[in-house]
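Residues or ranges marked as active site in TrEMBL: His87, Glu145, His149. Under the heading signal peptide, TrEMBL lists 1-26.
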Amino acid sequence: MAFNMKSTSAGMLALSAMHLIPSVLAAESSFNKQSGAEVCSSDTPLSCSSSTIEPSCCFNSPGGSFLQTQFWDYDPSTGPTDSWTIHGLWPDNCDGTYEEFCDSSREYSNITAIIEESGNTELLTYMNKYWKDYSGDDESFWEHEWNKHGTCINTIEPSCYTDYKSQEEVVDYLQKTVDLFKTLDTYQALAAADITPSESATYTLDEIHSALSDIHDGFAPYVACDGDNLNEVWYFYYVRGNLITGEFDPAEKLTQSNCPETGIKYLPKSG
Ligand SMILES: *[C@@H]1O[C@H](CO)[C@@H](O)[C@H](O)[C@H]1NC(C)=O
């Protein structure tokens with residue numbers, strides 16, 4: 001009886017070991033995509049919900065308002081003609097002001113190499129297509145975004161990681177920016193409201209706000225114009241918990257548009 005039980009459990013062990021092999025391999029091949037960032041309890045307060053809570057790996061502060069920002073680069077044009085492109089992910093203080101270049105020891109001039117070393121080729125491919133610099137130097141643009149904004153996010157400091165690997169937080173930050181961008185298809189949201197690129201058509205600010213609030217839980221993002229021409233959008237969020245493992249809640253914009261109320265043009269990308 002005891003022998004049988006033993007052999008059964010040994011057999012089960014062997015079976016589960018066999019099952020384990022493929023999943024171990026799978027885990028290893030995607031190992032670099034798994035974040036070691038702090039996992040916080042789900043009742044962690046939302047960023048900006050209180051000015052008395054101390055900054056921690058589970059509470060973004062003082063930069064508790066996060067902006068996923070995008071460009072419509074029509075001249076010179078960048079990126080696909082039927083998509084906006086990524087500007088960045090910025091931590092703002094809860095009042096529209098912000099800190100910048102917060103940690104010179106974590107400023108990098110080798111973002112491409114950092115992503116390559118992480119093994120996340122999918123991220124790099126996506127960035128090469130959608131995270132474009134208008135003057136053609138994507139690497140410098142990514143460096144600027146990380147060095148200026150990424151270094152100011154307190155919840156992705158190395159001390160917030162288990163088994164921290166050098167520059168891990170840089171890849172996490174870029175991936176989070178891309179992941180948010182993928183949920184915010186500005187081009188499609190405008191097109192769904194018949195707001196499409198045109199040399200001659202004009203749109204009102206209300207029409208644009210309304211179309212974009214449809215993909216942001218009813219909150220209109222900040223939209224910016226160059227003269228009369230629509231060229232940028234900022235979607236505001238608060239975060240519950242850690243930037244990488246936490247939850248993003250769409251939020252009211254903290255900045256008013258500089259576009260005119262009427263007569264806004266949405267020019268086609270010139271190619
Ligand atoms: C990137 O640059 C940093 C700082 O100079 C260096 O420590 C790191 O090894 C570099 N990473 C790669 C993948 O070259």
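These residue numbers are counts, starting from 1, taken along the chain as shown.
Even glycines carry a Cβ here, placed using N, Cα and C.
Small disclaimer: the values here were computed from a predicted structure and weren't measured.
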Whole-number Å value for how far His87 (active site) lies from Glu145 (active site) (Cα to Cα): 8
Alpha-carbon spacing, His87 (active site) to His149 (active site), which is rounded to whole Å: 11
Most Cβ neighbours inside 10 Å, all chains, among the active-site residues His87, Glu145, His149: His149
